[in-house]
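Colleague: Pulled the feature table from TrEMBL, pasting it below:
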COMPBIAS  161-173  compositional bias 'Low complexity'
COMPBIAS  174-184  compositional bias 'Polar residues'
COMPBIAS  245-267  compositional bias 'Acidic residues'
REGION    159-184  region 'Disordered'
REGION    237-287  region 'Disordered'
REPEAT    1-14  repeat 'WD'
REPEAT    505-537  repeat 'WD'
Amino acid sequence: MFASTSKDGYIKVWTATYPAEVCYSKDMKSFSWNYTQFSQFNESDTLLLVSGVHFGAHTASGEIAVFNLQGGFTLQCRVLNKPYDIFGTWYTDEYLLSGRLHFLGHLISCSALWLNKAWQESESEKKPIIKRLFKFYNRKASSVRSIAIANCLVTDSKAGSSDSTQASTSSAQPISHGNPVSKNALSAENWQTIRGRTMELAAGSLPQDTEVQFTAESNEACTTDCPIRYSQEYRKAEKAISSDSSEEEENTSSDFDDPPLPWDEEWSGQNEHDDHNSQYKCRSKKKSSKLNQKTDTKLCINEEEESADSLEDDCSIEKILDPREKYLIFTTGALTYTPHQIGFKKIKPFKFAERVTETPNLVQRIAERQERSNASNFPNWHDEQSVMQYFDKVDHVIDLHGHIIGMGLSPDHRYLYVNSRPWPHGYVIDNPLTPPPIAQEIDIHVIDLCTLKEVGTMLRSHKAYTPNDECFFIFLDVSEQYVASGAEDKHGYLWDRHYGNCLSKLPHNDVVNSVAFNPKDPEMLITASDDYTMKIWRSKNRVKELNIC
């Protein structure tokens, strides 16, 4: 099955069979939602996370709802989500992440990310359902957005990271960072400011349209001029994975050595207090019906799982949610409100309380709130260095120098594909609320999550036309063999993931906002457009099998 969201406020779940039919439908406007914008199934396909935007012309507030697919599409919980373009994501099969935004001063805010249970536990007040994971400091009107969770394929002992001069902001270069509090949050009542002067563009212009080399089956032109160009590191890793796969077919053992990867850098931003964690090893995890995974993936698993399990037994009111290390991935920035940086934060296995023995009563809670409000010594939030002890540090940042409009993970969580509309080279930002103009072409960047380095780029791959303050999200998706993305030129795009060549342009009558592969059948692709249609594309092989005329 697959799910669709829409500006009409509905969430719909469809069958993936031919012909597709609606299984469930819910009008979220009954919960004061303006529209639905994002949905995600959990790993076992039993729950559906739906993210939407609240009513209001100047609101940045949104909400997440969770529906039970096995219980007649019943609503299990609702979670506040601000700004709405954090979207939300599953952390485990039963827990999800949401966000809160707290204004601290002019152009300064705090993004708090919360772990939420997928149901309310309303039968007992002693069963916790939320836990704050991180607090991040936001400068220059930026904020955390577009969060995602990836299973970590790297251990601390072998992990490498690029120098801060390559992946983080360099003080010697005029780089801009921006992640808005959903644009509408920059309203006059929050941050009043006068838009600064318009900066001059750097010299140079983008190349003209390239010559058509061949025609796709959709009768729309494709070009081979700008394929995805991968680095040698990507090709080496790809070859290693390929050789590992062939060995696994001949060997029934589930354990194997790490493939040769370029661990030539040190992890930047690793805290000293994390050194006590035991060493980890990468091993192949067999297919799990509980998680409904298609392929084996190399997951970081603690060598001392037994000791962790015994610790869990000793403390019966707490449990480790997931033994795997994970990456929190999000867009963010530092010099302007539009998102142009990708932040990474490693999440180590942690415990979540199953039950609390004592809970404060109403009188105690009121007293605590009064005590906090009477506190006179508030920090100077604008002095970043003096207040950083109140916040969590982002482990790694990659700057793409452009407006990030979409991200997608490969099925094995090894690579992150990013849609970005680049800024003019050498542009200087004068006002954080006046971001640079963005190109009409969308670039695709490929980031290796084992090394946190960019290993592939496709420049001017597809089109977009809206200005930065009206920019569409253009979601992309990745399968084992293909990469697909929407575009504002009324087409969806399909590329060969290995060779990087465009295979097909999939026509619509308006902007194509989103694409999605069927994870169980990569020969099926769905595109969603502002022309009020979704189109289901199947390979010639599937068309023949289904006897589709």
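Here the Cβ of each residue, glycine as well, is placed from N, Cα and C on the backbone.
Small disclaimer: the values here were computed from a predicted structure and weren't measured.
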Colleague: How many helix, strand and coil residues does the repeat 'WD' (1-14) contain under DSSP?
Modeller: 0 helix, 9 strand, 5 coil
Colleague: When the repeat 'WD' (505-537) is classified with DSSP, how many of its residues are helical, how many are strand and how many are coil?
Modeller: 0 helix, 23 strand, 10 coil
Colleague: On the 0 to 100 scale, where does the mean pLDDT of the repeat 'WD' (1-14) fall?
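Modeller: That region's mean pLDDT is 96.
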